[in-house]
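S.K.: Encoded as structure tokens, here's the structure I'll be asking about.
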Amino acid sequence: MAQSTLYSRVLGTGSYLPPDRVTNQELADRLAKDGIETSDEWIVARTGIRARHFAASDVTTSDLALVAAQRAIEAADVDPQSIDLIIVATSTPDFVFPSTACLLQNKLGIKNGGAAFDVQAVCSGFAYALATADSFIRTGQHRTALVIGAETFSRILDFKDRTTCVLFGDGAGAVVLSASEEPGILGSALHADGSYSNILCTPGNVNRGVIAGSAFLHMDGQAVFKLAVNVLEKVAVEALSKAELASEQVDWLIPHQANIRIMTSTCRKLGLPQERMIVTVDEHGNTSAASIPLALDVAVRDGRIKRGQHVLIEGVGGGFTWGASVFRF
């Protein structure tokens, strides 16, 4: 008797934004106290961002991940003890180690000895984590996975650099995946090119208990934009090819919410109408690895994304990394 094909299927989604919502004008007023000039008009025109959320000083990445995870688990209607794989995509972990995933496993009270680890691919992190969990489930090594993107990027922002500090925010998004004979994730593609590591990075490193060099995010905006618009269309087409789908069969595009100009450019290159693109960058800013699952949860909960529809996600981030997945919700 032939063995049936296993897929990983999205059972539920969840997200969380810290309550401190900071508008462009509020941020501009804060920066003005240090002699840094910016404005709502300047930020909106270049990025599409109108507001972002910042975590309180005593709130960690795992705290944000916990709420998003609880909401995803509730939506999926699964027993937390059945979750035998936890993957957290983050570039702002609570500690160098242990992993944020292990901390989250403990906070959720999961005691089954399942695997838990972090994935670090910056803004591509959720695409990397989702594809990794899908592979584990397809091979039968795990049956139920919790995949999270969570960030406290406000901790690594230089608020004297107006070209970067206005872009990013904090938040978390989560999905629960489960083994299924019904198709869920249909195709994924992941790539990296380390020769571009210097265009988006934190130059400092930990050396004998202190940070050697700058601990703040550095970005060559023009180089990132040029590379992003070049690779995002290609990786999306690659994932669609693996899924044996044409772009016109995509119901919803969820790009990494970095910059509205990059997002609309990719949508246009794929031949998709703009109304099929989920946009949250205006209210969330760039939440790095959290941006895709945050946008996914928003669109699921407001009723736009419905069961049976095809969803294409894609991300690009430091490393340089990029990736995409397409799934039937």
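Quick reminder: no glycine exception, Cβ is built from N, Cα and C everywhere.
Copied straight from Swiss-Prot:
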- Cys123: active site (ACT_SITE)
- His256: active site (ACT_SITE)
- Asn286: active site (ACT_SITE)
- 257-261: region 'ACP-binding' (REGION)
S.K.: Distance check, please: Cα of Asn286 (active site) against Cα of His256 (active site), rounded to an integer number of angstrom.
M.R.: 8
S.K.: Please report the Cα separation of His256 (active site) and Cys123 (active site) in Å, rounded to an integer.
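M.R.: With the alpha carbons as reference points, the distance is 7 Å.
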S.K.: Please list, in sequence order, the residues in the chain of Cys123 (active site) that are at least six apart in sequence and whose C-beta is under 8 Å away from its C-beta.
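M.R.: Residues satisfying the criterion: His256, Ala258, Asn286, Ser288, Ala289, Ser291, Gly315, Val316, Gly317, Gly318, Thr321.
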S.K.: Taking the Cβ of each of the active-site residues and counting other Cβ atoms inside 10 Å, which one has the highest number: His256, Asn286?
M.R.: His256
S.K.: Across the region 'ACP-binding' (257-261), what are the DSSP residue counts per state (helix, strand, coil)?
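M.R.: Across the region 'ACP-binding' (257-261), the residues distribute as 2 helix, 0 strand, 3 coil.
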